[in-house]
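Enquirer: Sharing the features that Swiss-Prot gives for it:
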- Ser80: active site, acyl-ester intermediate (ACT_SITE)
- Ser80, Gln136, Tyr166, Asn168, Ala334, Asn359: beta-lactam binding site (BINDING)
- 1-19: signal peptide (SIGNAL)
Amino acid sequence: MFKTTLCALLITASCSTFAAPQQINDIVHRTITPLIEQQKIPGMAVAVIYQGKPYYFTWGYADIAKKQPVTQQTLFELGSVSKTFTGVLGGDAIARGEIKLSDPTTKYWPELTAKQWNGITLLHLATYTAGGLPLQVPDEVKSSSDLLRFYQNWQPAWAPGTQRLYANSSIGLFGALAVKPSGLSFEQAMQTRVFQPLKLNHTWINVPPAEEKNYAWGYREGKAVHVSPGALDAEAYGVKSTIEDMARWVQSNLKPLDINEKTLQQGIQLAQSRYWQTGDMYQGLGWEMLDWPVNPDSIINGSDNKIALAARPVKAITPPTPAVRASWVHKTGATGGFGSYVAFIPEKELGIVMLANKNYPNPARVDAAWQILNALQ
């Protein structure tokens, strides 16, 4: 019964030239409510950007014990969706002339003297193609000297630029090195160059005391959790944000030419440029892209950790292809207690943000997002 109703509704919406707010509301609720029930998600916020305008939806609790509901001001941990901010901040540094993706890593960290670092560039770090850096920086890395020792001792499995292996230790180091010429800390650079110009006034790396009341608890095996500190966490998975700010983030990425700051405008475009291809996926800086129209099986199955975290051969795109408006641009993210997903289609001025205080399987997120955006495109 439910499937039949949903399919009919999707077909109706797809055929209309303009979806009224009530249609958007129906499509979102008919897709997300069963997802919340199936995945036992305590609280969720969704934004749909349709014809450039945001529509907001919230469900459940940010804090179960206090029965505090999710609102448009609730802060969620973004997990790896943070990498899209790191990619854009790196793009902004390129636009300012502070760094080049072709620069060797050692230019920005001369202490990195081990011979395996010869030939590894900032591009390799930003796009997980350095040769097999691990998914996580080890927990025992606490200090800058520990971090140097970790990278000095790392041994690549492949030559740089031949395989993509998704890694926090790769893009995290890119983020840390990309801001070095500015003289700013990573957090300062992100605040002044990305968050503030885009008026992301409730987006944080470190949640300030005044905002803690809005910071949702994540839930893992029934226990309330927040992300633990770790080396390069800010750069790889450390951003917390609201559904309103994340809708604004998608709007900015949909239409970068509307942004006044030229280097940020260029940074967004550079983050959506295509540097490598693996299968039908193109790797940007933080963002991942597929050609639109897209095969839903590609994005849904490709998001499964068995595929997303596996080593895959890459083909270099030289020179990189500038941002393609006919693209499905997306990124998944998770921490121990949160699961997020962002996807948008620039050509359609259409996008979605899904923030939840439970880490649930990526394919379920992508499937729901696809159903909603496909119905509205």
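From the backbone N, Cα and C atoms, a Cβ is placed for every residue, glycine too.
What's the neighbourhood like for each of these?
Expert: Ser80 (active site, acyl-ester intermediate) falls within a helical segment according to DSSP. Around Ser80 (active site, acyl-ester intermediate), the C-beta neighbours below 8 angstroms that are at least 6 residues distant in the chain are Asn168, Ala236, Tyr237, Lys331, Thr332, Gly333, Ala334.
There are 23 other Cβ atoms within 10 Å of the Cβ belonging to Asn168 (beta-lactam binding site).
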Enquirer: Out of Gln136, Asn359, which of the binding-site residues is least crowded by other Cβ atoms within 10 Å?
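Expert: The binding-site residues Gln136, Asn359 were compared, and Gln136 has the fewest Cβ atoms within 10 Å.
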Enquirer: Would you mind pulling the longest C-alpha to C-alpha span across Ser80, Gln136, Tyr166, Asn168, Ala334, Asn359, which the record has binding beta-lactam, in angstrom?
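Expert: Looking at Ser80, Gln136, Tyr166, Asn168, Ala334, Asn359 as a set, their Cα atoms extend up to 18 Å apart.
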Enquirer: Provide the number of Cβ atoms within 10 Å of the Cβ of Tyr166 (beta-lactam binding site), excluding the reference atom itself.
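Expert: Neighbour count, Cβ to Cβ under the 10 Å cut-off: 20.
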Enquirer: Looking only at Cβ atoms, how many others are within 10 Å of the one on Ala334 (beta-lactam binding site)?
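Expert: Counting Cβ neighbours of Ala334 (beta-lactam binding site) within 10 Å gives 25.
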Enquirer: By the DSSP assignment reduced to helix, strand and coil, which category contains Asn359 (beta-lactam binding site)?
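Expert: Reduced to three states, the DSSP call for Asn359 (beta-lactam binding site) is coil.
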